[in-house]
Structure formats: structure tokens, C-alpha cells
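Taking it in order: structure first as C-alpha cells, then the write-up.
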């Protein structure tokens, strides 16, 4: 149904337009996107004729600063925090509204010799400032356009236009597919662009390594940062893991209440201790401790989910009532840390098939699933049963 990111990049490099769709839980829309560096009046005319939306120009913060493009409003109340600057026309244009003059404004916006004084305000081109980090920070069309331009080796700026049906309603995926077929346009998703970047870019940095004696044995503790957020992760390494043989690995998501306070609501603490003990017995392995509290929703939201569970919701329903997916974790950063440690083949300590699929999606091979089941307690029987029934965990209860 959708094309590969590589196919879209090839078309963009040729000056063609692509369609980019975002998540159905976000704006749930598709935009025409082209590279600003290759924009022509013909492309602008195509967008306004068949897209019918607002023509905008996603740019980096650097462009906005150089051209003194101030935010359109001082207090942004847009639900998606779209970062409009003041609209502009190049001083050489007349009304600025024609396809030719809009293309001229965009071309001059990219001209390194242009200054802020070269543009009238307001105008008919609407620059948007992309967040640094692109779609890995904000999954919007603004960031997608700049990311695609950078992946093409072009100036980091794009031209976008929302696609609206002839009846005035927003075009959804079936409409967008028909549009792509009619005009022979490649169609991709922001979700796939995120996956592409995570797969092809190094996002983790090894910061520090120490010897860590524990109650379970002595490990090498290696601390990692990443370029996506402020979260810091740690790998506890035992023995020589560089032999090329499958290595026993536990990817453990942080659970303050279970790991530190011994909460009986979950089985996280016992799993953590059992994994360390098993790695110590084998004399070789890795425990990767990921700062993904509450399956990725954070500590306070996890406590809010617990409150809902006290009212009768299960762990999945509680997450969803708070507006989160059942499991918000992403395994891309963890996979990059494991690769940095030199691992390729894993014997994975887990009861969660999705964790296996998540790691294998980043070119790691799970040669064996090693069960890590803890005895159920009265306080967590319902929780564990929900993990089996709704999250597909492999447990014998």
C-alpha cells in the first residue's frame, strides 16, 4: 500500500512530489511534500490545484534566525504546536499569490545572500520551524519535510500542502491512495520515516564504564546517553561477550516501584534479580536497564494507571484511559546499545514476544527465548493474566 522511504527519496531528488501521511491518532491527514531547493511554479500550481490546502515551507531554526522570521503568535495554542512564523513575500513580487511568485519567494528564502529585509510581512508563504531532531522529536509533516530534504542531501527545507478532497473534507488514506495512483506519486508514512531514521542513524553514545560489584556478582556497568531525549540507560555486562556466540541478554524496563520498593503489583523486581542471578551463573551475559518507566508512560502516569486499576480497570485499559497505547516502548535505542556492545545473536530472557519482534526489527537475531517467569502473587495475578490475554505474554498461570 505504501512505498519504501528509499523510493520516495529518489523521486524527491528528481524534483517530484510525494505524499506523506501521519498517524491516524494525530492529524490523520496527508500532505504533498517537495524539496524547497527544487521548487518550481509548476509544482506550486499542482499543489494548490490538487491539494487545495495551505502552502507552507518547513525550515530549520537556522533559516528563521538568519531571516529574522518571528513566530506568528507569541502564545501558540495550536493542539499540535505547529510553529508558524510570520508569513512572507519576497520584495521582488507583486501580490505574491501567483504560483510563479510563491515559487520565487521560496527560492529566495533559500538564497544564502537573502536577508530579513528582503521579505515583506505578511505575505503568502508560511514558513514553519521544524524541531531539532526532526520526526524523532515530533512526528509532524513539518519535521518530515526537513528530514526528507536532509536525507536527500538537499537544503534542509521543504514545501508542503495539505490534501483536501473536492467536497472540502480532509483526504484520508483511501482518498490519498487514489490520489497517489492517479498522479503516479509515491506515498509514505511518517511512522516509516521514523523507523528509517532509527534504523540508519547512530543515536547512542557510550559515556562511561566502571566495575560494579553487586549482591549477584561483579559486572561492568556501561552508561549510555542518546540524542533523542535526556534519558540515560545502563548495560551491566558479565564476562567475554565478544566471541560471536549467542549471548544471554535481558532488556529490562525501569520499574521504580518494583525494582526499588519491592512492589507486589508487578513481577518486575523479581525478574530483575532473577536475570542478574542467571547471567552470573552462566558467567557471560548482558542486562540492559532501559529508562522506560511504566512501559514508556513515565512514573507519575504509571501511578495514575495504578489508581485506575484500583477503580477496576486492568493494566491495558488504564493506559488507554490515560490516552496511551498499551505499550509505548520502542526498542530502537536498546538495539543500538546492544550493537554498540558488539552483540548480534541473542538468547533473550523474556516472556514478551513483542520484545523479540522489536529487537529483531533492528537487525538483531534472537536465537532463543529464555523464559523468565516468576511465581504469581495474590496482588499481581490479575495483572499477569492481563499481560497474557491482551499483550500476548507467554506465561503459565
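All positions are counted from 1 along the displayed chain.
Keep in mind that glycine also has a Cβ here, set from the backbone N, Cα and C atoms.
Here is what Swiss-Prot says about this protein:
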type	residues	note
REGION	1-199	region 'DHBP synthase'
BINDING	26, 27, 31, 138, 139, 140, 141, 142, 162	D-ribulose 5-phosphate binding site
BINDING	27	Mg(2+) 1 binding site
SITE	124	site 'Essential for DHBP synthase activity'
SITE	162	site 'Essential for DHBP synthase activity'
REGION	200-397	region 'GTP cyclohydrolase II'
BINDING	255, 266, 268	Zn(2+) binding site
Lowest local Cβ density (other Cβ within 10 Å) among binding-site residues: 31, 162: 162
Comparing local Cβ density (other Cβ atoms within 10 Å) for the recorded positions 124, 141 points to 141
What whole-number Å value do you get for the CA-CA distance of residue 268 (Zn(2+) binding site) and residue 124 (site 'Essential for DHBP synthase activity')? 56
Apart from 255, 266, 268, which residues in this chain have a Cβ no more than 8 Å from the mean position of the Cβ atoms of those residues at the Zn(2+) site? 257, 258, 259, 263, 265, 267, 269, 271
With a 10 Å radius around each C-beta, find which of these binding-site residues (139, 255, 266) has the fewest other C-beta atoms nearby. 139
I'm trying to understand the geometry here, so how far is the Cα atom of residue 139 (D-ribulose 5-phosphate binding site) from the Cα atom of residue 124 (site 'Essential for DHBP synthase activity'), in Å to the nearest whole number? 25
By Cα-Cα distance, the member of recorded positions 31, 124, 141, 162 nearest residue 266 (Zn(2+) binding site): 141
